[in-house]
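Features as listed in TrEMBL:
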DOMAIN    1-234  domain 'Deacetylase sirtuin-type'
BINDING   13-32, 92-95, 176-178, 202-204, Ala220  NAD(+) binding site
BINDING   Tyr57, Arg60  substrate binding site
ACT_SITE  His110  active site, proton acceptor
BINDING   Cys118, Cys121, Cys137, Cys140  Zn(2+) binding site
Amino acid sequence: MIHSRSKIVILTGAGISAESGIETFRAEDGLWAQHRVEDVATPEGFARDPKLVVDFYNSRRAQLPDVEPNAAHRALARLEAEHDGEVIVITQNVDDLHERGGSQTVFHMHGALKTALCAACGHRWPAPIVMAPGDPCPSCHAPAARPDVVWFGEMPYDMDLLFRHLSEADIFIAIGTSGNVYPAAGFVAEARRAGAHTIEFNLERSSVGNHFEEHRTGPASRTVTDWVEEFLRG
Ligand code: NAD
Ligand code: APR
């Protein structure tokens, strides 16, 4: 039942940032076509060649000042500002476009390029533009700085909190995610168990597209903007 105080939980993936010029992962020319996941997005890869991994994230961090939030990011911020009910964004993306687009409640379940993490003590701090392997932690001073990004095989952040939000969702929306990576790909099933109305925004059906009750097909900058306008007009 959708009403004026509905709780809306939104999962986003690389596709929402595609129109801002940030490559997705599994497109033909995507990030995983240019880099072996095993080399740049696993703890083993980091142990094997920390400089390769740190430079991979340095290059993605250096791109951020050159890209802007697009209409889809701004539409989600407008929804959060104007809707009476709670609006929660859970992103798999490590860019900062949701925040720069105006969203206030954003959970980065795969981490964020803008922060650094100490592998020794767990301290986080604003990442330098260029991180080097062995950079010291400003808290414990161990030479243990790493990108604050969740790699394959590691557990995403805040899972208990995210599953609580899903259990309270009246509307669950997934935008620009291929549905290939768990636990994010399982969120729609959780939301449906909670009785939420589910909508997928994508260029095509994702791997879990059949779990969604509604589909809005096309570029997120148009489909998300149109849906928010419709929803707020009631
Ligand atoms: P997974 O098995 O859930 O991922 C399945 C999909 O991820 C695969 O179908 C493939 O598309 C991709 N994938 C996983 N490992 C891969 C590999 N070695 N080479 C190529 N593609 C690969 O992944 P997982 O290991 O169970 O991930 C555990 C957690 O890590 C997940 O919860 C996920 O949220 C997180 N994660 C984060 C990132 C990131 O870059 N932040 C990347 C991947 C996974
Ligand atoms: N509008 C809407 N959807 C789009 C757009 C767009 N303009 N452009 C691309 N998409 C869709 C694609 O159809 C695809 O389904 O975005 C999705 C991107 O999928 P992936 O590249 O697999 O990215 P994502 O789903 O975020 O990957 C999940 O896997 O490798 C890990 O950590 C990485 O967080 C990532 C996770």
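Start at 1 and count along the chain as shown; that gives each residue its number.
Each Cβ is built from the backbone N, Cα and C atoms, and glycine gets one as well.
Predicted automatically and left uncurated, TrEMBL annotations should be read as such.
Features per TrEMBL, on structure.
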residue: Gly13; record: NAD(+) binding site; Cβ neighbours (10 Å): 27
residue: Ser17; record: NAD(+) binding site; Cβ neighbours (10 Å): 25
residue: Asp29; record: NAD(+) binding site; Cβ neighbours (10 Å): 8
residue: Tyr57; record: substrate binding site; Cβ neighbours (10 Å): 21
residue: Gln92; record: NAD(+) binding site; Cβ neighbours (10 Å): 22
residue: His110; record: active site, proton acceptor; Cβ neighbours (10 Å): 19
residue: Cys118; record: Zn(2+) binding site; Cβ neighbours (10 Å): 22
residue: Cys121; record: Zn(2+) binding site; Cβ neighbours (10 Å): 12
residue: Cys137; record: Zn(2+) binding site; Cβ neighbours (10 Å): 21
residue: Leu203; record: NAD(+) binding site; Cβ neighbours (10 Å): 14
Checklist outcome for this item: Comparing the Cα of Cys118 (Zn(2+) binding site) with the Cα atoms of the binding-site residues Gly13, Asp29, Tyr57, Gly176, Leu203, the shortest distance belongs to Tyr57
Checklist outcome for this item: Cβ density check for Gly21 (NAD(+) binding site), other Cβ within 10 Å (all protein chains) comes to 11
Checklist entry - Within 10 Å of the Cβ of Arg60 (substrate binding site), how many other Cβ atoms are there? => result 18
Next on the checklist: Can you give me the Cα-Cα distance between Cys140 (Zn(2+) binding site) and Gln92 (NAD(+) binding site) in Å, rounded to a whole number?
Outcome noted: 29
Checklist outcome for this item: CB < 6 Å to ligand 2, subset of binding-site residues Asp29, Gln92, Leu203, seq order -> Gln92, Leu203
Checklist entry - Using DSSP and three states only, what is Cys140 (Zn(2+) binding site)? => result coil
